[in-house]
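One structure is given below, encoded as structure tokens.
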Amino acid sequence: MIQVLLVTILAVFPYQGSSIILGSGNVNDYEVVYPRKVTALPKGAVQPKYEDAMQYELKVNGEPMVLHLEKNKQLFSKDYSETHYSPDGREITTYPLVEDHCYYHGRIENDADSTASISACNGLKGHFKLQGEIYLIEPLKLRDSEAHAVFKYENVEKEDEAPKMCGVTQNWESYEPIKKASQLVVTAEQQRYLNPYRYVELVIVADHGMFTKYNRNLTEVKTWVYEIVNTLNEIYRYLYIRVALVGLEIWSDGDLSNVTLSSGNTLDSFGEWRKRDLLRRKRHDNAQLLTAIDFSGNTIGRASIANMCDPKYSTGIVQDHSPINLLVAVTMAHEMGHNLGLHHDGKSCTCGDYICIMNATLSHQHSKYFSNCSYNQYWDYINTYTPKCILNEPLRTDIISPPVCGNELLEAGEECDCGSPRNCQYQCCDAATCKLHSWVECESGVCCEQCKFRTAGTECRARRSECDIAESCTGQSADCPTDDFHKNGQPCLNNFGYCYNGNCPIMYHQCYALFGSNVYEAEDSCFESNQKGDDYGYCRKENGEKIPCAPEDVKCGRLYCNDNSPGQNDPCKIFPSNEDEHKEMVLPGTKCADGKFCTNGHCVDVATAY
């Protein structure tokens, strides 16, 4: 028998305030509410500190509302760790018990489009979407009171300043293959392939400035990070990605990589530190630096594009630029989106009536959704680059809680969980038992269609260039066969290039991708600068030192382009070295002379190399 326990007595007063200073900033037009918690527990059951599911009744705009919350069991991995440093520099790592945490996702009753991301640690703090509008809620700091302030995000006073920007300068329109892909809708086949979740095991590093900003209090920093990741996890559910926090590192005794006003230098230094240090002691897929520094210009974040799983470049940096955790979480979602192959949205990209996550500028309008372009770019990235690290599911923390069939969470003993039989949209799953139907051959994969292997000979990976080979399903597997391509060194593009790992790299295409149309390969004289061995010209790096090119290798160092676009006249244009150093160099495999191609900063013979 289930009894309903009224934990507190409803005392909702429709009090309207005109202005108040809250944790989220200066707020105009807020409402004071007293939420009532209603818990359904089996008779005689001991109430845990933080239940797996809760509901609250409150009034918003004078209308009753029921907020349903469910603990975010995807928030932490079982091997979650926290690291900080003693005043004498000693590394201190702990493995706290995080099963009984207080971070929830939820929805509003009778509002199918509603969402919520809430911390219930000390009252209710977070945001929820009601009838298409974002509301923030936080407890008022009144002694012996359950009073909370509820207010629309639009009523938070905005700073009178220039728009906040992402530091990535590459625009969506410059990528022709992705531009074409964005003109498509998300097909049923793509949806089937995306349906199985990917898993990003995330480490967040809070720099020394964050430690100082939050009163040198480790608990305050942790709480802020947990709130951000809870929202980040909610945002990425729309891309079928689960973000699990596997580690939090706080640089309490000083920064371990260079954190400067230059976002480019900060990102590069952080990536080097991750590769050299963090990866050796903590298994993870992606690391984000959360910093209190105010980067030069309007930049609030930066990341490398399409480098998830890379030891150095699977990183991002995010400025802690707002007292509203939603806005910082959106910025982190944006930068991680770059790691996952997403570019800034162009004019034709849309996510309904909202500003989209991958907009280059952080809008004063709320943004929690990815655009149609982002969906297609993510699909293209997964299918082309197949980043293996995000396929493994993190160790789960919910081993204490018994599985509940129908809650849309895949738990111990379940093969699938698509919700109630009435709401289940996943035909492979028997919603009544949370087991796969007996006739199911596969659940996911490019060669899986309606839970069956696709017919042998069905193309599953189109060739991306004349150097590539199209692959077809075997009829015996859900996976597309290993990507194969024509032999390296084979002439391509009318002898302007040579095949290299399935592509035909030529300098013109690289210049076009970096700078747009009307930009071409520079004259040979520009490449002579690569003999200098400085920021403007070199062939490779050895232990951080820029090595000058030998005369015969000058076209295998820094890339020089001739920019004839309107308003420009730069015959020897180079890509800024502080933005993304591997983009400033001539790509491996590029033709550097007749019968020769570039490799590791040298121009070598095709015949002998292959």
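Each residue, glycine too, has its Cβ placed from N, Cα and C.
As annotated by Swiss-Prot, signal peptide applies to 1-19.
Per Swiss-Prot, the feature domain 'Peptidase M12B' maps to 198-394.
Feature annotation from Swiss-Prot assigns N-linked glycosylation site to Asn217. The Cβ of Asn217 (N-linked glycosylation site) lies under 8 Å from the Cβ of no residue that sits 6+ residues away along the same chain.
Taken from Swiss-Prot, the feature disulfide bond applies to Cys309-Cys389 (among others). Mapped onto three states, the DSSP output places Cys389 (disulfide bond) in helix. Around the Cβ of Cys389 (disulfide bond), a 10 Å sphere holds 17 further Cβ atoms from the protein chains shown.
Residues annotated as Zn(2+) binding site in Swiss-Prot: His334, His338, His344.
Positions annotated as active site by Swiss-Prot: Glu335. The number of other CB atoms found within 10 A of the CB of Glu335 (active site), across every protein chain shown, is 25. In the three-state DSSP reading, Glu335 (active site) counts as helix.
Residues annotated as disulfide bond in Swiss-Prot, with similarity to another entry given as evidence: Cys349-Cys373 (among others).
If you take every residue in the domain 'Disintegrin' (402-488) and average the pLDDT, you get 85. What Swiss-Prot records for 402-488 is domain 'Disintegrin', and it gives sequence analysis as the kind of evidence.
For Val404 (Ca(2+) 2 binding site), other Cβ atoms within 10 Å of its Cβ number 14. Feature annotation from Swiss-Prot assigns Ca(2+) 2 binding site to Val404, Asn407, Glu411, Glu414, Asp417; the stated evidence is similarity to another entry.
In the three-state DSSP assignment, the secondary structure recorded for Cys428 (disulfide bond) is coil. Annotation comment: Swiss-Prot describes Cys428-Cys451 (among others) as disulfide bond.
What Swiss-Prot records for Cys442-Cys448 (among others) is disulfide bond. DSSP assigns Cys442 (disulfide bond) to coil in the three-state reduction, outside any helix or strand. Sequence-distant contacts (6 or more apart, same chain, Cβ under 8 Å) of Cys442 (disulfide bond) comprise Cys448, Cys451, Lys452, Phe453, Ala478.
Residues within less than 8 Å, Cβ to Cβ, of Cys447 (disulfide bond) and separated from it by at least 6 positions along the same chain comprise Phe453, Arg454, Thr458, Cys460, Cys473, Thr474, Ser477, Ala478, Asp479, Cys480. DSSP classifies Cys447 (disulfide bond) as coil under the three-state reduction. Residues or ranges marked as disulfide bond by Swiss-Prot on the basis of similarity to another entry: Cys447-Cys473 (among others).
What Swiss-Prot lists as disulfide bond is Cys460-Cys480 (among others).
Taken from Swiss-Prot, the feature disulfide bond applies to Cys492-Cys504 (among others). Sequence-distant neighbours of Cys504 (disulfide bond): residues of the same chain at least 6 apart with a C-beta under 8 Å from its C-beta are Ser465, Glu466, Cys467, Cys492, Leu493, Phe496, Gly497, Tyr498.
Its Cβ taken as reference, Cys511 (disulfide bond) is surrounded by 22 other Cβ atoms within 10 Å in the chains shown. Marked as disulfide bond by Swiss-Prot: Cys511-Cys561 (among others).
Among the features that Swiss-Prot reports, disulfide bond is placed at Cys526-Cys572 (among others). Summarising the environment of Cys572 (disulfide bond), the number of other Cβ atoms within 10 Å of its Cβ, over all protein chains shown, is 17.
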Proximal residue to Glu414 (Ca(2+) 2 binding site) among recorded positions His338, His344, Cys598 (C-alpha distance): His338
Neighbours of Cys539 (disulfide bond) among the recorded positions Cys309, Glu335, His344, Cys428, Cys556 (Cα to Cα, within 10 Å): Cys556
Residues satisfying Cβ distance under 8 Å from Cys556 (disulfide bond), sequence separation of at least 6: Cys539, Cys549, Val586, Thr590, Cys592, Cys598, Thr599, Gly601, His602, Cys603
Using Cα positions only, nearest of the binding-site residues to Cys511 (disulfide bond) (His344, Asn407, Asp417): His344
In three-state DSSP terms, the structure that Cys561 (disulfide bond) belongs to: strand
Cα distance (Å, whole number) from Glu335 (active site) to Cys428 (disulfide bond): 34
Candidates Cys309, Cys389, Asp417, Cys572 (recorded positions) - the one closest to Glu335 (active site) by CA: Cys309
Where Cys373 (disulfide bond) falls in three-state DSSP terms: helix
Intrachain C-beta neighbours of Cys309 (disulfide bond), sequence separation six or more, cut-off 8 angstroms: Asp285, Pro387, Lys388, Cys389, Ile390
